[in-house]
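Trainee: Dropping the structure in here first, questions after.
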Amino acid sequence: MCTNVKIWNTLHPISPDNAPRKTPTKPVYSVTFSPDGSRIAAASADHAIYIFSAHDATPALDPLVAHTQEIRSVTFSADGRYIASGGADWAVCLWDGTSGKLLSGPLRAHTAWVWSVSISPDGTRLVSGSEDSTMRMWDVGDSTLTPSDLVATHDNTVYSASFSPDGKRIVTGCADGKIRMWSSQTLTLVLDPFGSQSHTDEINSVVFSPDGRLVASGSSDGTICVFDSHTGHLVLGTLQGHTFLVRSVVFSPDGTHILSGSFDRTVRVWRVKDGAPACGPLVGHQDWVLRSGPTPAPLDEKRPRGEILSGLKMSDDGWVENGNSQRLFWVPTDMVKLFPTPETEHVIGSGGILRVDYSAPLFLGDEWHRCYED
(Lines of atoms letter the chains of each structure in order from A and count residues from 1; the text may use other names and numbers.)
(Lines give C-alpha, C1' and ligand atoms only; values in the text may rest on other atoms or scores of the structure.)
Protein backbone atom coordinates (compact mmCIF):
# COMPACT_ATOMS: atom_id res chain seq x y z
CA MET A 1 0.00 0.00 0.00
CA CYS A 2 1.04 3.60 -0.59
CA THR A 3 2.71 5.53 2.24
CA ASN A 4 2.50 8.89 0.43
CA VAL A 5 -0.04 11.68 0.76
CA LYS A 6 -0.72 13.11 -2.70
CA ILE A 7 -2.03 16.68 -2.95
CA TRP A 8 -3.99 17.30 -6.15
CA ASN A 9 -4.99 20.79 -7.30
CA THR A 10 -3.53 22.81 -4.45
CA LEU A 11 -2.52 26.25 -5.65
CA HIS A 12 0.98 26.39 -4.20
CA PRO A 13 3.74 24.46 -5.93
CA ILE A 14 5.43 21.79 -3.83
CA SER A 15 9.09 21.37 -4.59
CA PRO A 16 11.33 18.48 -3.54
CA ASP A 17 13.07 20.84 -1.12
CA ASN A 18 9.75 21.30 0.69
CA ALA A 19 8.89 17.61 0.94
CA PRO A 20 7.50 16.46 4.29
CA ARG A 21 10.16 15.42 6.78
CA LYS A 22 7.89 13.61 9.23
CA THR A 23 6.03 11.23 6.98
CA PRO A 24 4.09 8.02 7.54
CA THR A 25 6.17 4.86 7.49
CA LYS A 26 3.24 2.56 6.68
CA PRO A 27 0.07 2.82 4.54
CA VAL A 28 -2.10 5.95 4.86
CA TYR A 29 -5.73 4.92 5.28
CA SER A 30 -7.49 8.26 5.55
CA VAL A 31 -6.80 11.89 4.62
CA THR A 32 -8.87 15.00 5.20
CA PHE A 33 -8.55 18.77 4.87
CA SER A 34 -9.14 21.17 7.73
CA PRO A 35 -12.26 23.34 7.22
CA ASP A 36 -10.20 26.36 6.15
CA GLY A 37 -8.15 24.27 3.72
CA SER A 38 -4.85 25.15 5.36
CA ARG A 39 -3.91 21.73 6.78
CA ILE A 40 -4.16 18.06 5.93
CA ALA A 41 -4.57 15.25 8.44
CA ALA A 42 -3.35 11.80 7.40
CA ALA A 43 -4.10 8.66 9.41
CA SER A 44 -1.56 5.89 9.08
CA ALA A 45 -1.07 2.21 9.80
CA ASP A 46 1.97 3.19 11.87
CA HIS A 47 -0.48 4.22 14.66
CA ALA A 48 -0.03 7.99 14.16
CA ILE A 49 -1.89 10.94 12.64
CA TYR A 50 0.24 13.37 10.63
CA ILE A 51 -0.72 17.02 10.18
CA PHE A 52 0.75 18.81 7.16
CA SER A 53 0.52 22.32 5.80
CA ALA A 54 -1.56 22.21 2.62
CA HIS A 55 0.46 25.14 1.27
CA ASP A 56 3.91 23.58 1.20
CA ALA A 57 3.44 20.04 2.58
CA THR A 58 5.66 20.65 5.61
CA PRO A 59 4.65 19.16 8.98
CA ALA A 60 2.36 21.52 10.88
CA LEU A 61 2.49 19.53 14.14
CA ASP A 62 4.34 16.62 15.63
CA PRO A 63 2.62 13.30 14.89
CA LEU A 64 -0.48 12.65 17.01
CA VAL A 65 0.09 9.38 18.88
CA ALA A 66 -2.36 7.51 21.13
CA HIS A 67 -3.76 4.62 19.10
CA THR A 68 -2.03 1.27 19.54
CA GLN A 69 -2.89 -0.11 16.10
CA GLU A 70 -3.49 1.23 12.59
CA ILE A 71 -5.80 4.22 12.28
CA ARG A 72 -8.61 3.77 9.79
CA SER A 73 -10.40 7.12 9.87
CA VAL A 74 -9.67 10.75 10.71
CA THR A 75 -11.86 13.84 10.45
CA PHE A 76 -12.01 17.51 11.49
CA SER A 77 -15.02 19.15 13.12
CA ALA A 78 -16.71 21.81 10.99
CA ASP A 79 -15.16 24.64 13.01
CA GLY A 80 -11.72 23.01 13.07
CA ARG A 81 -11.73 22.84 16.86
CA TYR A 82 -11.48 19.06 17.03
CA ILE A 83 -9.91 16.13 15.22
CA ALA A 84 -11.46 12.70 15.71
CA SER A 85 -9.94 9.34 14.85
CA GLY A 86 -10.87 5.67 14.93
CA GLY A 87 -8.72 2.60 14.54
CA ALA A 88 -8.07 -1.12 14.56
CA ASP A 89 -7.48 -0.94 18.33
CA TRP A 90 -11.30 -0.64 18.66
CA ALA A 91 -10.80 2.91 19.94
CA VAL A 92 -11.95 6.45 19.21
CA CYS A 93 -9.85 9.51 20.09
CA LEU A 94 -10.61 13.22 20.25
CA TRP A 95 -7.80 15.74 19.67
CA ASP A 96 -7.41 19.50 19.83
CA GLY A 97 -7.61 20.65 16.22
CA THR A 98 -5.09 23.45 16.72
CA SER A 99 -2.43 22.02 19.03
CA GLY A 100 -2.91 18.31 18.38
CA LYS A 101 -3.23 17.63 22.12
CA LEU A 102 -5.11 14.44 23.03
CA LEU A 103 -8.36 15.47 24.72
CA SER A 104 -10.15 12.14 25.18
CA GLY A 105 -9.21 8.53 24.59
CA PRO A 106 -8.39 6.08 23.43
CA LEU A 107 -12.01 5.16 24.29
CA ARG A 108 -13.22 1.63 23.60
CA ALA A 109 -16.98 1.23 23.33
CA HIS A 110 -16.79 -0.95 20.22
CA THR A 111 -15.68 -4.59 20.25
CA ALA A 112 -13.90 -4.57 16.88
CA TRP A 113 -12.15 -2.23 14.44
CA VAL A 114 -13.51 1.30 14.05
CA TRP A 115 -13.70 2.02 10.33
CA SER A 116 -15.37 5.44 10.27
CA VAL A 117 -15.76 8.53 12.44
CA SER A 118 -17.82 11.63 11.63
CA ILE A 119 -18.51 14.75 13.72
CA SER A 120 -21.89 16.47 13.53
CA PRO A 121 -21.99 19.91 11.86
CA ASP A 122 -22.58 21.63 15.23
CA GLY A 123 -19.66 19.77 16.80
CA THR A 124 -21.68 18.30 19.68
CA ARG A 125 -21.87 14.67 18.56
CA LEU A 126 -19.69 12.05 16.94
CA VAL A 127 -20.77 8.87 15.19
CA SER A 128 -18.54 5.84 14.68
CA GLY A 129 -18.97 2.79 12.45
CA SER A 130 -17.36 -0.51 13.38
CA GLU A 131 -16.60 -4.04 12.33
CA ASP A 132 -18.73 -5.13 15.29
CA SER A 133 -21.77 -4.33 13.06
CA THR A 134 -22.79 -1.26 15.04
CA MET A 135 -22.92 2.48 14.65
CA ARG A 136 -22.44 4.27 17.96
CA MET A 137 -23.20 7.85 18.98
CA TRP A 138 -20.82 9.84 21.18
CA ASP A 139 -21.37 13.13 23.00
CA VAL A 140 -18.75 15.82 22.45
CA GLY A 141 -18.58 18.14 25.44
CA ASP A 142 -16.10 20.88 26.25
CA SER A 143 -13.01 19.04 25.04
CA THR A 144 -14.48 15.71 26.17
CA LEU A 145 -15.88 12.65 24.43
CA THR A 146 -18.25 10.14 26.04
CA PRO A 147 -20.26 7.26 24.51
CA SER A 148 -24.03 7.78 24.58
CA ASP A 149 -26.72 5.11 24.92
CA LEU A 150 -27.58 5.35 21.21
CA VAL A 151 -26.41 2.33 19.23
CA ALA A 152 -27.69 1.17 15.83
CA THR A 153 -27.19 -2.47 14.93
CA HIS A 154 -26.46 -3.52 11.35
CA ASP A 155 -26.13 -6.91 9.67
CA ASN A 156 -22.42 -6.56 8.98
CA THR A 157 -19.39 -4.26 9.21
CA VAL A 158 -20.20 -0.53 9.06
CA TYR A 159 -17.52 0.84 6.77
CA SER A 160 -18.82 4.40 6.46
CA ALA A 161 -21.09 6.74 8.45
CA SER A 162 -21.71 10.41 7.62
CA PHE A 163 -23.88 13.19 9.01
CA SER A 164 -26.14 15.22 6.73
CA PRO A 165 -25.25 18.93 6.43
CA ASP A 166 -28.10 19.87 8.78
CA GLY A 167 -27.09 17.17 11.27
CA LYS A 168 -30.53 15.55 11.33
CA ARG A 169 -29.70 12.37 9.43
CA ILE A 170 -26.88 9.84 9.20
CA VAL A 171 -26.19 7.63 6.20
CA THR A 172 -24.28 4.36 6.60
CA GLY A 173 -22.64 1.99 4.14
CA CYS A 174 -22.02 -1.62 5.08
CA ALA A 175 -20.28 -4.82 4.10
CA ASP A 176 -23.67 -6.37 3.30
CA GLY A 177 -23.95 -4.05 0.28
CA LYS A 178 -26.72 -1.96 1.82
CA ILE A 179 -27.08 1.77 2.43
CA ARG A 180 -29.26 2.90 5.33
CA MET A 181 -30.59 6.29 6.44
CA TRP A 182 -31.00 7.01 10.15
CA SER A 183 -32.37 9.74 12.39
CA SER A 184 -29.43 11.26 14.23
CA GLN A 185 -31.59 12.02 17.27
CA THR A 186 -32.78 8.46 17.90
CA LEU A 187 -30.67 6.25 15.57
CA THR A 188 -33.88 4.77 14.20
CA LEU A 189 -34.19 3.92 10.52
CA VAL A 190 -35.62 6.61 8.26
CA LEU A 191 -35.21 4.72 4.98
CA ASP A 192 -34.61 0.99 4.65
CA PRO A 193 -33.88 -0.25 2.11
CA PHE A 194 -32.09 2.73 0.60
CA GLY A 195 -30.98 2.44 -3.03
CA SER A 196 -31.90 -1.25 -3.06
CA GLN A 197 -29.90 -3.49 -5.40
CA SER A 198 -27.90 -0.64 -6.91
CA HIS A 199 -24.55 -2.11 -5.82
CA THR A 200 -23.52 -5.76 -5.99
CA ASP A 201 -20.82 -5.71 -3.32
CA GLU A 202 -19.92 -4.07 -0.01
CA ILE A 203 -20.35 -0.30 0.42
CA ASN A 204 -17.05 1.30 1.38
CA SER A 205 -17.99 4.98 1.38
CA VAL A 206 -21.15 7.11 1.61
CA VAL A 207 -21.40 10.89 1.77
CA PHE A 208 -24.01 13.65 1.51
CA SER A 209 -23.80 16.44 -1.05
CA PRO A 210 -23.17 19.91 0.44
CA ASP A 211 -26.87 20.82 0.11
CA GLY A 212 -28.01 17.50 1.58
CA ARG A 213 -30.15 16.54 -1.42
CA LEU A 214 -27.96 13.71 -2.68
CA VAL A 215 -25.98 10.78 -1.33
CA ALA A 216 -23.02 9.31 -3.22
CA SER A 217 -21.74 5.80 -2.61
CA GLY A 218 -18.62 3.88 -3.60
CA SER A 219 -18.53 0.10 -3.64
CA SER A 220 -16.24 -2.89 -3.93
CA ASP A 221 -18.04 -3.61 -7.21
CA GLY A 222 -15.97 -0.74 -8.66
CA THR A 223 -18.88 1.64 -9.24
CA ILE A 224 -20.30 4.89 -7.87
CA CYS A 225 -24.00 5.64 -7.41
CA VAL A 226 -25.87 8.83 -6.56
CA PHE A 227 -29.22 8.75 -4.77
CA ASP A 228 -31.94 11.16 -3.71
CA SER A 229 -31.30 11.42 0.03
CA HIS A 230 -35.00 11.81 0.89
CA THR A 231 -36.45 8.98 -1.20
CA GLY A 232 -33.47 6.67 -1.64
CA HIS A 233 -34.12 6.50 -5.37
CA LEU A 234 -31.18 6.16 -7.74
CA VAL A 235 -30.71 9.41 -9.67
CA LEU A 236 -27.29 8.82 -11.25
CA GLY A 237 -25.34 5.69 -12.00
CA THR A 238 -24.04 3.29 -11.85
CA LEU A 239 -20.89 5.26 -12.76
CA GLN A 240 -18.29 2.92 -14.19
CA GLY A 241 -14.64 3.58 -14.94
CA HIS A 242 -12.57 2.24 -12.09
CA THR A 243 -11.04 -1.18 -12.63
CA PHE A 244 -10.94 -2.16 -8.96
CA LEU A 245 -12.97 -1.48 -5.84
CA VAL A 246 -13.90 2.12 -4.95
CA ARG A 247 -12.74 2.95 -1.44
CA SER A 248 -13.71 6.61 -1.14
CA VAL A 249 -16.17 9.12 -2.58
CA VAL A 250 -16.58 12.81 -1.77
CA PHE A 251 -18.41 15.79 -3.27
CA SER A 252 -16.61 18.96 -4.28
CA PRO A 253 -17.48 21.90 -1.98
CA ASP A 254 -19.85 23.38 -4.60
CA GLY A 255 -21.54 20.03 -5.16
CA THR A 256 -20.90 19.97 -8.90
CA HIS A 257 -18.39 17.11 -8.94
CA ILE A 258 -17.72 13.81 -7.20
CA LEU A 259 -14.20 12.54 -6.55
CA SER A 260 -13.61 8.82 -6.17
CA GLY A 261 -10.51 6.99 -4.97
CA SER A 262 -9.90 3.37 -5.92
CA PHE A 263 -7.64 0.40 -5.39
CA ASP A 264 -6.83 0.78 -9.10
CA ARG A 265 -4.44 3.56 -7.96
CA THR A 266 -6.42 6.39 -9.54
CA VAL A 267 -8.63 9.28 -8.48
CA ARG A 268 -11.50 10.03 -10.85
CA VAL A 269 -13.69 13.12 -11.13
CA TRP A 270 -17.35 12.89 -12.20
CA ARG A 271 -19.84 15.59 -13.16
CA VAL A 272 -22.94 15.48 -10.97
CA LYS A 273 -25.20 16.95 -13.66
CA ASP A 274 -24.82 13.99 -16.02
CA GLY A 275 -22.43 11.47 -14.44
CA ALA A 276 -19.83 11.93 -17.14
CA PRO A 277 -16.09 11.93 -16.31
CA ALA A 278 -14.90 15.51 -15.89
CA CYS A 279 -11.38 14.55 -16.93
CA GLY A 280 -9.20 11.51 -17.36
CA PRO A 281 -8.16 9.52 -14.29
CA LEU A 282 -5.69 11.29 -12.01
CA VAL A 283 -2.71 8.98 -11.81
CA GLY A 284 0.24 9.36 -9.47
CA HIS A 285 -0.12 6.88 -6.65
CA GLN A 286 1.94 3.71 -6.72
CA ASP A 287 -0.59 1.69 -4.74
CA TRP A 288 -4.21 1.68 -3.57
CA VAL A 289 -6.04 5.00 -3.06
CA LEU A 290 -7.91 4.62 0.23
CA ARG A 291 -9.23 8.11 0.87
CA SER A 292 -9.48 11.23 -1.27
CA GLY A 293 -10.84 14.72 -0.71
CA PRO A 294 -10.97 18.23 -2.17
CA THR A 295 -9.79 21.31 -0.33
CA PRO A 296 -12.79 23.09 1.24
CA ALA A 297 -11.44 26.55 0.41
CA PRO A 298 -9.01 28.23 -1.99
CA LEU A 299 -5.50 28.10 -0.62
CA ASP A 300 -4.13 31.39 -1.90
CA GLU A 301 -6.84 33.99 -1.33
CA LYS A 302 -4.39 36.24 0.53
CA ARG A 303 -1.27 35.29 -1.39
CA PRO A 304 0.02 37.75 -4.00
CA ARG A 305 0.26 36.24 -7.44
CA GLY A 306 3.82 35.11 -7.95
CA GLU A 307 5.89 33.31 -10.47
CA ILE A 308 3.94 30.61 -12.31
CA LEU A 309 6.81 29.55 -14.54
CA SER A 310 10.41 30.60 -14.90
CA GLY A 311 10.30 34.22 -16.06
CA LEU A 312 6.49 34.43 -16.09
CA LYS A 313 4.36 36.14 -13.47
CA MET A 314 0.64 36.76 -13.13
CA SER A 315 -0.79 40.02 -11.85
CA ASP A 316 -3.97 40.29 -9.81
CA ASP A 317 -5.91 41.46 -12.88
CA GLY A 318 -5.07 38.28 -14.76
CA TRP A 319 -2.29 39.40 -17.08
CA VAL A 320 0.69 37.07 -17.41
CA GLU A 321 3.89 39.01 -17.98
CA ASN A 322 7.48 38.11 -18.78
CA GLY A 323 10.55 39.30 -16.91
CA ASN A 324 10.41 42.64 -18.76
CA SER A 325 6.82 43.26 -17.60
CA GLN A 326 5.54 42.70 -21.13
CA ARG A 327 2.03 41.29 -21.27
CA LEU A 328 1.85 37.87 -22.92
CA PHE A 329 -1.71 36.66 -22.34
CA TRP A 330 -4.71 37.28 -20.11
CA VAL A 331 -6.48 34.84 -17.80
CA PRO A 332 -10.23 35.43 -17.16
CA THR A 333 -10.87 36.95 -13.76
CA ASP A 334 -12.86 33.95 -12.52
CA MET A 335 -9.83 31.75 -13.18
CA VAL A 336 -7.06 33.92 -11.74
CA LYS A 337 -7.06 32.28 -8.32
CA LEU A 338 -7.37 28.84 -9.90
CA PHE A 339 -4.72 29.16 -12.59
CA PRO A 340 -2.48 26.11 -12.17
CA THR A 341 1.25 26.11 -11.73
CA PRO A 342 3.37 23.45 -13.45
CA GLU A 343 3.22 21.36 -10.25
CA THR A 344 -0.59 21.52 -10.18
CA GLU A 345 -1.84 19.20 -12.88
CA HIS A 346 -5.57 19.99 -12.73
CA VAL A 347 -7.88 22.48 -11.04
CA ILE A 348 -11.46 21.36 -10.51
CA GLY A 349 -13.98 24.21 -10.64
CA SER A 350 -17.74 24.53 -11.05
CA GLY A 351 -17.23 25.24 -14.75
CA GLY A 352 -15.14 22.15 -15.35
CA ILE A 353 -11.50 21.12 -15.24
CA LEU A 354 -8.68 23.56 -15.97
CA ARG A 355 -5.32 22.27 -17.11
CA VAL A 356 -2.42 24.18 -18.60
CA ASP A 357 0.16 22.26 -20.63
CA TYR A 358 3.40 24.11 -19.97
CA SER A 359 5.33 21.71 -22.19
CA ALA A 360 3.43 22.79 -25.32
CA PRO A 361 4.28 25.83 -27.47
CA LEU A 362 2.93 29.17 -26.25
CA PHE A 363 0.48 30.53 -28.83
CA LEU A 364 0.36 34.33 -28.93
CA GLY A 365 -1.20 36.96 -31.17
CA ASP A 366 -3.23 35.53 -34.05
CA GLU A 367 -2.48 32.00 -32.85
CA TRP A 368 -4.28 32.40 -29.53
CA HIS A 369 -7.29 30.30 -30.63
CA ARG A 370 -5.05 27.22 -30.78
CA CYS A 371 -4.56 27.34 -27.00
CA TYR A 372 -7.97 25.94 -26.16
CA GLU A 373 -8.91 22.27 -26.24
CA ASP A 374 -12.45 21.08 -25.58
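These residue numbers are counts, starting from 1, taken along the chain as shown.
Just so you know, glycine gets a Cβ as well, placed from its N, Cα and C.
The model shown is predicted, which means the values in this text are computed figures rather than measured ones.
As annotated by TrEMBL, repeat 'WD' applies to 64-105, 107-148, 151-192, 196-237, 239-275.
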Trainee: Looking only at residues six or more beyond either end of the repeat 'WD' (64-105), which have a C-beta under 8 A from one in the stretch?
Mentor: 26-27, 29-36, 41-51, 111-119, 121-123, 126, 128, 130, 138, 140, 143-146
Trainee: Against which stretches of its own chain does the repeat 'WD' (196-237) lie, if we need a Cβ under 8 Å and a gap of at least six residues from its ends?
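Mentor: Distant Cβ neighbours of the repeat 'WD' (196-237) are 156-157, 159-166, 169, 171-179, 181, 243-251, 253-255, 258, 260, 262, 264, 270, 272, 274-275.
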Trainee: Hey, which bits of the same chain come close to the repeat 'WD' (107-148), Cβ under 8 Å, at least six residues off its ends?
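Mentor: Non-local partners: 72-79, 81-82, 84-94, 96, 154-163, 165-167, 170, 172, 182, 184, 187.
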